[in-house]
Amino acid sequence: MAAQRVAEDVAKGTKQTARVRVAVRLRPYMHMQDQKGEGACVRRLDTETLEIINWRNATETLQYQFDVFHGEETTQQEVFLSSVKPILPHLLKGQNASVFAYGPTGAGKTHTMLGSQEQPGVIPRAVRGVFNLVKAKEREHEGWDYSIDMSYLEIYNEKVLDLLSPSAQDLPIREDKDRNILIPGLTHTPLSSFSDFHSHFIPASLNRTTASTKLNQRSSRSHAILLIKVVRTQRNPPHRQQTGKLYLVDLAGSEDNRRTGNKGIRLKESGAINLSLFTLSKVVDSLNAGGGGRVPYRDSKLTRLLQDSLGGSSHSVMITNIAPEYTYYFETFTALNFAAKSKQIVNKPFVRETVTVSSVQVKRSREEQEAGRSGEPQKKKLKDVKKTGQEEPTPPAQLHSPTDPSVLNRLMALEKLLMGTPVKERLNMHREIQELKEKQKAFESKAKVLKETGNGATRNSSDSVSSGDSPLFRTHLPPLHRKQSTAAKPKIQQAVVSPLQVSQLQPLQQCPVVKKPSVCLVKKQKNLEQSEVQEGKENVKDTGWESHLDKSVLDKSRHKILQVLNSGSLKDLKGLQQIGDKKAKLILGWREIQGSFTKLEDLTKIEGITAKRLSSFIKANILSMMGT
């Protein structure tokens, strides 16, 4: 049996598009979260519109309009009926659907998706709705068989983990030839009823990674994705099979680590969550920008799995959860902006249908395609050729072929070898082919001569051929061998080993030893001489400036500097040239312990002040005093 994919737009002649539906749900006001008593920052206007205070100007408000707005009093049943239930019938038509909850941590995403035993959320209600639809279709007896299975996974620290069969193995994400996302190794559990689903889902949900933070006692540390696959198969030929998938996604919330107080492992988890949500935002921006540019689905495993839900072939619903307190203002503002951008995404759903065809029909269609332009299958051509070859009698002149079969076989082999040999080796093969062709022509010319001799000669020749005397019709010649390459092989030069000659050892003569000075020592001596010369020049320069000044002026300046050093404050010391904060503090410390300086040269006793630095310090300060 073979399978063929049939798209919905081909069957109906139209191309269907579906915009991502966005619903916003406002969590009830919690006084514990509003310690300052500032009240709510979000207000409902109608069933589709809400307003939030503008953070740039508190006297203004910003309005947002979505497909549905669920207020604080909205129940779980109302959320399911208005947002999720309308997309479930598409599963039974071979199309995909997805529902995912988005919002900051502590806004109620997990409550919306999972709920509680008294108030079940979207996931249990959606699965029950799928089973109800299948039962209704089975009662109609339309000739279809239905099967349902489930898979459950989480994305924790950019690792795909199976929740039905928990292990530390990171599952890979693949894509088939039809661009469908697959996860090899993921557990697929068949389901027969809703109670069967409940018995598998509850233990798997406990395997999900959660932890406590300052904003949420049971915060989800991973993105959870539940996959429900519905396959319906036609009982009668052509046995059509349609596959629909439902993705139910509970995203982890974006977190501000300054408020959650995350450290260590919690901080690493928060970084992975925020990075994947940032990539999700980039995907939405790329889809809205259009232009056929690259959409960064592969930058994160979350966006890789949601590739079908955003800009793909799925009927998608996004439920954005927000909090009303002022402490969540910027998280709520960001979530509303993301929801407004997601509302503009357009998906292109199609029916995933396979039609099983008998193998005989598939073979016939392949034969017709291979025949192509000739319009006749190749097998029929071969059969006709075989029949004509068997029916046509061979002429008597061809009983003894005028050509040598070994020559023909060799020619065929050489022609095949030509296709796969390099250019340099083809020259020798061309020569051998020419020689074989000349031999074949010689055999053909001999055959023509025998035909011209007449019937009598042919009979005599046939008798002689039967006796084996004629050399002209020898058909059992030995096969030709491939000629050896005429290229001259390089001669291998053999090493000639001369016998060892034993010579008498002569006594060593004492030679005078001449010690050459080392190059490194010579360079060091030159460097020392140059440095001494430079220091001498500098000393000459440093001492030369004093000779141009009056001795009384020079003494007054030195006395002023000494006075500042002995009685000046930290600020006064830092006012001197080449004295910073560190040296000024060292001078104060030395002065408290040793007393006042008797002369300027006593500065060399302080750490870091050498004689060279002292001279430059005196020169800089005296010149600055004279300049002022």
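A Cβ is built for glycine as well, from the same backbone N, Cα and C atoms used for every other residue.
Copied over from TrEMBL:
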DOMAIN    19-345  domain 'Kinesin motor'
BINDING   Gly103, Pro104, Thr105, Gly106, Ala107, Gly108, Lys109, Thr110  ATP binding site
REGION    357-406  region 'Disordered'
COMPBIAS  364-390  compositional bias 'Basic and acidic residues'
REGION    451-477  region 'Disordered'
COMPBIAS  461-470  compositional bias 'Low complexity'
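Here the binding-site residues are Gly103, Pro104, Gly106, Gly108; the one with the fewest Cβ atoms within 10 Å of its Cβ is Gly108. Within the same chain, the residues at least 6 positions away from Ala107 (ATP binding site) whose Cβ sits under 8 Å from its Cβ are Arg27, Gly253, Asn321, Ile322, Ala323, Tyr328, Glu331, Thr332, Ala335, listed in sequence order. For the domain 'Kinesin motor' (19-345), the predicted model reports an average pLDDT of 88. In sequence order, Ala101, Tyr102, Gly103, Ser220, Asp250, Leu251, Gly253, Ile319, Asn321 are the residues near Lys109 (ATP binding site), counting only same-chain partners six or more apart with C-beta under 8 A.
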